[in-house]
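According to TrEMBL, the protein carries these features:
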{"type": "COMPBIAS", "residues": "307-316", "note": "compositional bias 'Low complexity'"}
{"type": "DOMAIN", "residues": "83-296", "note": "domain 'TLC'"}
{"type": "REGION", "residues": "305-347", "note": "region 'Disordered'"}
{"type": "TRANSMEM", "residues": "49-68", "note": "transmembrane segment"}
{"type": "TRANSMEM", "residues": "89-113", "note": "transmembrane segment"}
{"type": "TRANSMEM", "residues": "218-242", "note": "transmembrane segment"}
{"type": "TRANSMEM", "residues": "268-286", "note": "transmembrane segment"}
């Protein structure tokens, strides 16, 4: 009976399982070495994303249960620090995994060794398996972060900030995926995740030891470098690379949105918006660093004042008081005898 059931319904269940587990819309693209299997996007990707949303929720719970909760019990953090510690711990695990995975993809696909591949042969409709699977997993992770706000019982004050962060990531990742700018999106995600990893790692170290802020200095350097690379990459690809693409006609069916989004006036507007956004990010970063340094120097000065006050108290010695009490200007002992030493009479 089990064999009959599998022979009748096995192929159907296998196809349904593949719909959830594996990326869909694979095509065979002819190349010089033969045929190459690649993928494009479609509505069935939503089913795959839904499946990996549940996988992300399970992995989130595993990291929380077997790593973060055990550390929290040892640190005895307050409620506010406890919430921030859990947030940074989850994002450190995610960003580290994404940086390693994204770096492997861009290196094996040759996007770093050949920067021209970021805009050559646009639109990049057909994707390698690892590129499409990476984007589906990224969308699944940031969509799973929405129900996690309820599961983790995030404070109401923190929800708007986290919603903005989730929305920005979803817009950028989905935009690069749907507009066939996946190669540029991979490099930008690699830079962004690298800076975010150092920031949340520095927060974890700070929560364990509040006197250790060295990783914040490392994050500050990495953040500035990644912002410069991001801005340079935007200008290089959108300002100089994409305008030289041969196919300049609008063809949404083939995935070419170049004329609609990257014509000369629109391209300059996009570059201006990108520059303004990066400038606002840098301004917030500089404001944060100035506030942090101001608090650091105020703390150092207060410690120095406290140490100087303690030193002066130790140097000041108490005055010796004569034993007894004064009466009419004469010091008398407590027992009524004179405190002066008596002279012995000579025999």
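Keep in mind that glycine also has a Cβ here, set from the backbone N, Cα and C atoms.
TrEMBL entries are annotated by machine, without manual review.
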What residues in the same chain, six or more past the boundaries of the transmembrane segment (89-113), come closer than 8 Å to it by Cβ-Cβ distance?
60, 63-64, 67-68, 71, 128, 130-131, 134, 138, 141, 183, 186-187, 189-190, 193-194, 196-197, 200-201, 204
Do at least three CB pairs under 8 A connect the transmembrane segment (49-68) and the transmembrane segment (218-242), leaving out pairs fewer than 6 apart in sequence?
no
Suppose you look only at the domain 'TLC' (83-296); what would the mean pLDDT be?
86
